[in-house]
Amino acid sequence: MALPHNLWLPALLGALATLHAYLALDTIPRVAAARGAVAMLWLGFGAAVLAVGVWTTQYLGHAGTSGLGGARAAVAGGIAWASAVLALCQAARGRAWLAGILLGTGLVLATTFDQRLDRPGMASCLACMLLLGAGGAMAALAWRERRPPAPRVWSAAVLLGLTIAALPVAGNALAPDAAMRPPAQVPGAAAFVISALVLLLAAVVQLAQRELARQAAQIRGELESARQALVHQAFHDALTALPNRAKVLAQLQELLPEARRDGQDVAVMFIDLDGFKSINDTLGHEAGDEFLRRVAEALSASVRPRDTVARFGGDEFVVVLERFRNRENLGAICEKILARVGAPVLVAGQKVTATPSIGVAVFPDDGAEPTELLRHADIAMYAAKERGKAGFCFYEPQMIARASERLALSTDLREGLGRDELRVCYQPKVDLRSRRLVGLEALARWAHPTRGHLPPSMFIPLAEDCGLIARLGERVVREVAGQIARWRAEGLPLVPVAINLSMQEIQGVNFVPSLLRTLAEAGLDRHAIEFEITETAAMTDVHTTLRHLRELEALGFRIAIDDFGTGFSSLSHLRQLPARTIKIDQSFVHGADASHHDREITEAIIALARKLRLHTVAEGVESEQQARWLVQAGCDIGQGYLFGRPLPPGETATLLAAGFAGAPIDA
Ligand code: C2E
Ligand code: MG
Ligand code: MG
């Protein structure tokens, strides 16, 4: 079937060639992205699509005049394919101009390879065709570039398609009598069908490849976000989203060599919250979590954005400061943290506070390695806790010995509680005028197997820190209850015995049930025991303390505020506390000998207690002179070495039998 030469034929050829060109150009990025055999396959495939396009347009374009059928069509297609392979290969390497020259020359060769070159005008005809072929192909490939957006590929394809379609037409026009060959062997419609089938196949392959590439990109994207999430999880704390220990260690690992090179100091602050456990125990873990989030915010707000704030777990936070002026500057930052983090916050409808204790270690003076710096900051933090909490300490080398001793002692204490090494001594409390025995205070002692009897200051704070205080307190209550029961069985006149409590003990969920059980086992009523809680402890978390103390009061126990004058009681809180007694701290009693000021404070406390109808006990009375002015000031009860030191149960029994400690004041 011969196709008539009219206008729509060139248009049809142009469209056909454009489609072939588009699908061939579309393989260039795949050739560029693939390696080895896959790249070769894409190259062969793209070139074949282009070659079929060239062959079809050549065949149909020449069909009316010369035709390229049979073996010659195959040769033309082969030339087009070979030049397309070379051209696509160069285009994939980004050499668009070279690719254009190769393709253009190939296209002209495929059109003219079977024509006689010795005819007149053929040289200029060939030159014009080369200009058209190479120019068009170069322009198309250069326009397309390597990884271009789709509209650009389409326009490049149109350019290349028109070039391919124009070449046979130009050949016909320039040398109409050039045809020397027999007519086409393949009918025109069949050429269309072949071209359409190749186009269809190429389109299917390209679409399938695109879909695969899209799926692969999606999987890659999902894998990448999963990887990022894992990395984030591994280096961040889930609760506060702050960096974690691993992140800080990695950061210090990078930072310290740089700081060493630049002669810069780096400070590491280890921060632990005092009394956080009680927030968790009383308000629940959700409130505890919320509180920790608020602490994280307050900490971040206390330092500059370039400083690192991290959570190491529990109530432990770390701040890394890269640039600071000097140690005074660090001190000011610690003060800021103390003020911000220690400020009360509203959590679960309650105002709560947990003051921070901060330890500071500075690179390079206090440690050369990240782990060493962190350990030393931690040790300094413990020193801050020992010095009364809610403060900060800079690391000093001698703290190490103290820390390892602490560690050894905490292990000993754990074992000691199991081995029953805890003892209780009793110190008399007397009516200051008559010296009649009105009460006893139970004071814990630790009979350490190698260090001898240790005072409470050496193990009570330790027990609080390592979570042993509840066990220790339970032991003391059991021991005291058992002792009172034994004295009663001996027929001795009894007085109330005061037991010291730490806030952590009262807040323990088992405290009240275990207390009541112990008293019931010993057959004691609730007046046999009083409780003393220090003013500082009572004021740390007023609402919680009030709740617990009111519960104890409702059960019939008497409560005394210990070490009064050393804390920061507000009068309104003092009025709310269900205490019957305040114990004036011994520092005022001792100080009163030398200082008018202390004497006046003591007198004011006694006057205040009277107004609030509270009993007063003066602690640390050591001399008759002190006892006398305390009586004059209106104090009811005294406790101190003047009336007796803390005694073991046997000697206390003698005191109970006598009922007096020392001679009456007006004797
Ligand atoms: P505290 O309750 O204020 O006990 C009074 C402390 O002052 C006792 O020290 C006592 O020995 C000492 N003291 C008494 N009279 C005088 C005196 O005239 N002069 C001087 N310089 N000191 C005197 P201790 O036994 O070392 O206890 C210290 C603190 O340990 C107690 O202070 C109390 O807060 C705490 N503590 C003692 N036993 C326990 C206990 O079983 N549980 C709890 N949570 N704390 C306890
Ligand atoms: Mg006490
Ligand atoms: Mg006291």
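Each Cβ is built from the backbone N, Cα and C atoms, and glycine gets one as well.
What TrEMBL says about a protein is an automatic prediction, not a curated fact.
Marked as domain 'GGDEF' by TrEMBL: 264-397. Summarising the annotation, TrEMBL assigns domain 'EAL' to 406-660. Positions annotated as transmembrane segment by TrEMBL: 6-25, 37-57, 69-89, 96-115, 121-141, 153-174, 186-205.
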### Task
Could you give the residue numbers and ranges of same-chain residues that sit at least 6 residues beyond the transmembrane segment (121-141) on either side and whose C-beta is under 8 angstroms from one of its C-beta atoms?
21, 25, 87, 91, 96-97, 99-101, 103-105, 107-108, 111-112, 115, 156-157, 159-160, 162-163, 166-167, 170-171, 174-175, 178
### Query
Can you name the far-off residues of the same chain, 6+ from the ends of the transmembrane segment (96-115), with a Cβ under 8 Å from a Cβ of it?
54-55, 58, 68, 72, 75-77, 79-80, 82-84, 86-90, 122, 126, 129-130, 133-142, 144-145, 160, 163-164, 167-168, 171, 175, 178-181
### Task
Restricting to the domain 'GGDEF' (264-397), report the mean pLDDT as a whole number.
92
